[in-house]
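Student: Dumping the structure here so I can ask a few things about it.
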Amino acid sequence: LQGIFVLGLPYALLHSGYSGLFLIVLAAALCCYTGKILIACLYEENEEGQLVRVRDTYEDIANACCKKLSPRLGGIVVSVTQVTELLMTCILYLVVSGNLLSHSFPSVPVAERTWSAVAFVTLLPCVFIRTLKAVSKLSQLCSLVHFIIVLVVMTYCLTQIQQWSWAKFRLSIEFEDFLVSVGVIIFSYTSQIFLPTLEGNMRNPGEFRCMLSWTHFLACVLKTTFALTAFLTWGEDTKEVITDNLPSFLQTLVNLCLLTKALLSYPLPFFAATETVFVCISRGNHSNYRPPLFALGVRGSFLLLTLLMAMFIPHFALLMGLTGSVTGAAMTFLLPSLFHLKLQWNKLSCLEKCADISVFILGSLCSLAGIVCSIKGLLGAFG
């Protein structure tokens with residue numbers, strides 16, 4: 001919930017004004033809600049009225065919803081969507097790593113693609129990661145690095161407090177710029193892909209809903225505070241990545257911290273993508289046994305694929321925006337609300353049904369707007 005997207009929130013406020021502050025809070029509430037209803041779809045009541053976990057993954061939920069049409073159609077669609085988004089996220093981390101290394105060592109005559117390859121070498125041990133527990137330790141380090149970055153930026157902003165002015169906030173906004181802000185804010189909260197696996201691996205799954213509420217609340221407070229202090233400091237000069245606004249003596253330090261964060265962030269989506277593929281391949285087998293060489297081959301192929309795409313796809317940021325508008329909105333808003341309505345229609349109150357339908361409509365509008373803006377940007381980039 002505290003990913004690299006957070007560094008773009010001050011820029012989002014620049015284009016959304018006061019409404020951006022409301023959007024940060026609204027997005028937290030909506031993403032928390034869809035996370036809870038997604039996990040609710042994993043459970044069914046038994047004869048004694050107790051909730052029992054009858055499904056394990058996002059794919060299982062999709063298959064349950066589409067079983068009358070085709071037993072595995074829903075799972076295949078969700079799996080492809082999930083792996084696509086996860087791989088795109090991995091590729092983005094490699095692209096960001098190359099960019100950060102290039103800016104950290106400008107005197108070294110090396111292209112960004114080469115720097116991405118250098119960063120890739122440090123990620124080779126990912127082929128040996130077999131459990132979520134190992135990934136969680138890396139994610140914990142990633143969180144610590146993130147808070148160091150936020151602390152550095154906010155400390156500098158507080159030294160400039162005499163320059164702050166609420167007059168820097170816009171009252172009027174341009175619709176297209178506003179849509180960009182909506183995308184940045186919403187996708188800074190997305191975590192639904194990981195939630196079924198996370199809840200299934202918790203020592204006490206009964207605490208999941210409480211955990212999700214607290215983490216989204218704290219993330220909302222941190223995002224709002226960070227975005228607000230940074231925007232009040234630089235105003236109209238706020239750049240797309242707020243660390244670019246820092247003075248040069250701080251930029252190198254922060255860039256190296258960001259590089260560390262990007263590399264530590266890579267294992268989580270990489271692990272989730274490979275596990276999804278393993279589940280699809282082994283579906284129908286009675287054993288969870290995986291030949292070691294086969295597992296290494298799949299992980300190695302995924303690693304190499306992310307490197308090649310990071311090095312050779314032009315206009316990757318625009319393609320990422322297009323992919324995110326399709327897969328991100330679908331996995332975060334559209335599918336959870338649709339599945340919840342399908343599987344638990346008879347148990348839902350009128351208010352819950354209205355809430356799910358509203359989330360589905362809102363997600364559809366966000367996805368459509370993001371697709372239009374991304375395609376327009378791609379057409380412009382390709383002339």
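The backbone N, Cα and C atoms fix where each Cβ goes, glycine too.
Heads up, here are the entries from TrEMBL:
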DOMAIN    2-375  domain 'Amino acid transporter transmembrane'
TRANSMEM  20-43  transmembrane segment
TRANSMEM  73-95  transmembrane segment
TRANSMEM  115-132  transmembrane segment
TRANSMEM  144-166  transmembrane segment
TRANSMEM  178-198  transmembrane segment
TRANSMEM  210-233  transmembrane segment
TRANSMEM  253-281  transmembrane segment
TRANSMEM  293-313  transmembrane segment
TRANSMEM  319-339  transmembrane segment
TRANSMEM  359-382  transmembrane segment
Student: Would you say the transmembrane segment (20-43) and the transmembrane segment (178-198) are touching, if the rule is that at least three C-beta pairs must lie under 8 angstroms and be 6 or more residues apart?
Tutor: yes
Student: Between the transmembrane segment (144-166) and the transmembrane segment (359-382), are there at least three Cβ pairs closer than 8 Å, leaving out pairs fewer than 6 positions apart?
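Tutor: Judged by the Cβ rule, the two regions do not touch, with the required three close pairs absent.
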Student: Answer yes if the transmembrane segment (210-233) and the transmembrane segment (20-43) have at least three CB pairs under 8 Å among residue pairs 6 or more apart in sequence, and no otherwise.
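Tutor: In this chain the transmembrane segment (210-233) contacts the transmembrane segment (20-43) - 3 or more Cβ pairs sit under 8 Å.
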Student: Any chance the transmembrane segment (293-313) and the transmembrane segment (20-43) are in contact, meaning at least three CB pairs closer than 8 A with a sequence separation of 6+?
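Tutor: These two stretches do not touch.
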Student: I'd like to know if the transmembrane segment (73-95) touches the transmembrane segment (253-281) in this structure, counting it as a touch only when three or more C-beta pairs sit under 8 Å and are separated by 6 or more positions.
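Tutor: Stretch pair touches.
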Student: Are the transmembrane segment (115-132) and the transmembrane segment (359-382) close, by which I mean at least 3 Cβ pairs under 8 Å that are 6+ residues apart in sequence?
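Tutor: Judged by the Cβ rule, the two regions do not touch, with the required three close pairs absent.
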